[in-house]
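According to TrEMBL, the protein has these features:
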type: DOMAIN; residues: 151-539; note: domain 'Glycosyl hydrolase family 13 catalytic'
type: ACT_SITE; residues: D313; note: active site, nucleophile
type: ACT_SITE; residues: E363; note: active site, proton donor
type: REGION; residues: 642-703; note: region 'Disordered'
type: COMPBIAS; residues: 645-656; note: compositional bias 'Basic and acidic residues'
type: COMPBIAS; residues: 684-693; note: compositional bias 'Basic residues'
Amino acid sequence: MVKRFFTDLDRYYFHHGVHYELYNKMGAHIVEENGVRGVHFVLWAPSARAVCVVSDGNGWTPWRDVMEKVDDCIWELFVPGMCEGVKYKYLIVRADGSEVMKADPYAYASELRPANASVVADLAKYKWGDEEWLAQKKQENFLEKPMAVYEVHLGSWKKDWEKWWDEDKFLDYRRLAHELCEYVKWMGYTHIEVMGICEYPFDGSWGYQVTGYFSPTARYGKPEDFMYFVDYMHKNGIGVILDWVPAHFPRDEFGLDWFDGTPLYEYADPLRADYPQWGTKAFDLGKPEVSNFLIASAFFWVNVYHVDALRADAVAAMLYNSFGREKWRPNKYGTDFNMESFEFFRHLNTVLRQRTPAFIIAEDSSIVSGVTAPAKDEGLGFGLKWDMGWMNDTIRYYNEDPVFRRYKHYLMTNTFDYVFLENYILVLSHDEVVHGKGSMFNKMAGSHQDKFGALKTAYTMMMGHPGKKLLFMGQDFGQEAEWDYKGSLQWQLCDDPGHRDILECYRKLLHLYTSHAVLYNDAGKENVFEWINNADYMRNIFSFIRRNPWNYNDALVFVCNFAPVFRDPIEIGVPVSGEYVKVFSTYADEGEYSIEAAEEECDGRPYRLVIKLRPYESLIFAVPYHESTAEEMEAERKARARARKEHEDAISDNKHVPKVPAPGQVGPVKGVKEKSAKTSAKIKIAKAVKTRKSAAAAQEKPE
């Protein structure tokens, strides 16, 4: 019996969709057989009548290296003497007798576009140096660690202007590793999310129409160069997240489209096969072999390239059969859910989390619940979900003229109806700064000068909001132009004092975020955020506390002014006595100072700070350390529970909800009672705190 490279066990796992290291068998592999070194090819093409390998090693001569069909769907061939760097394709005779040249779906490397041949590569020769990073990741829970992500498109982050002869002027992976790492470390980012790494033919797709699910794009170098890129980031303490596209693939003839003359990777049903809005094909996840292809791709980037996480693109498109389609096929239950996609994600997320420390982030705009819940709890098992609702609502608020923001105040508060239902990451991504939407800088309403202060306050509010953080490149210094994938960031703006101030502001916020656990260890913990006042709509002010789940030690008080006017005085209710130290201001012209809290009830809290806010100013104060006993914490918990219940009862009775003034009306609205259930709740909290103090004082008395 001939010993096969692709064994019966491989075949069994593959046809059941559970061959998680399929990339070690499918494709082109440099091996030694019977003492002869060469390349072994394995291809899945069940409907092909014949297949051969054509390459620059055989002069691109058809039918010199003919593959053997070893069962009803797998083709194999060993080519002695072939080595790394050889370019190749598969020449496939389809069922109808026509011939087509296809790139290898499992290729480790590809030619630089516009060429599209696959390239034999040896991925085992690179010597990694990130053992300490990988060992640390195995011991950590990423939800309890800071995650401040810098989303970057390598081709347009910065150009190599010395390459006057090169139209692209791309920096290579190794140079990018050093320059990008230096920048993100200085800024205080913890991760980078890299767009467009899986090989793709069309630059205008930004990397979201993939033809090489196992091949890093040749635009910036070879596979070992991208390994160096990831390795260097890890050795400098920066995590790497990879954009990954499991939803669809392009129609390019050399790619997956009608691979063997049949709809092999895509659905055969025309109502499910296409995404009309993108002009692409949908993966048929009902086939175990196709599902296995994508699952193996995810494991490949994690195991072979040491990527820390994947960001799954267009998850909503996968979850609904009706997404982007006028005509669509319902499932067997009569709904538009794509049941194969649900099972695919549950399977993938479960096994990836079980076998590696990596996780997948869902770019999902659907209303499906449990996206980050474990599969065993009927969730999809993702590690994080993009908070698209927060992104859309906050941008709508920033677009609004400050005079009329009072009527849109809810846009900044309604995210708290759901923010703890999933593990969210707040995103201001590339999608929001293209196609006429404007840069983050130009999304801010008001004059050109107003935009500087407004953007800094917007970023402060973002950093105080529960959830991990992501910002697209260029927005941290207030780039004014929309993103252009052909160009470079407007780095020259960093020489402008206003834009430099935005950069320094965001840098300070990042360092504040990564150094305060109350700001990042918040997944699923509702008691880590408290509004001080979420109803100051007339003055466009928001104030809140970020705290740990047990007490106010290490807590931070945020006060954000979204109006271009002075606010003086501003009274803020705070939870404990002592000096509140200002640790951050969006104005850079002063150092730290402290304010003593007065023992006067305010905003339902026993103490009060009196501050002043300049136009578009945000302030952050550190809450004084306070030694809480178990009795104090329990009394506080009960008081807040009672206050919350009375507050909810009052809302249901509509007793103290402030009336929104009509357009043109200034000042408070008549008919709103000053004393209400909310005031009663505030007094009860104050009394509970005093009781807590008395109990503490009694415990301190000598026997």
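Cβ coordinates come from backbone N, Cα and C, glycine included.
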For E363 (active site, proton donor), list the number of other Cβ atoms lying within 10 Å of its Cβ atom.
22
Alpha-carbon spacing, the residue listed as 'active site, nucleophile' to E363 (active site, proton donor), which is rounded to whole Å:
5
Is it possible to get the count of other C-beta atoms within 10 angstroms of the C-beta of the residue listed as 'active site, nucleophile'?
21
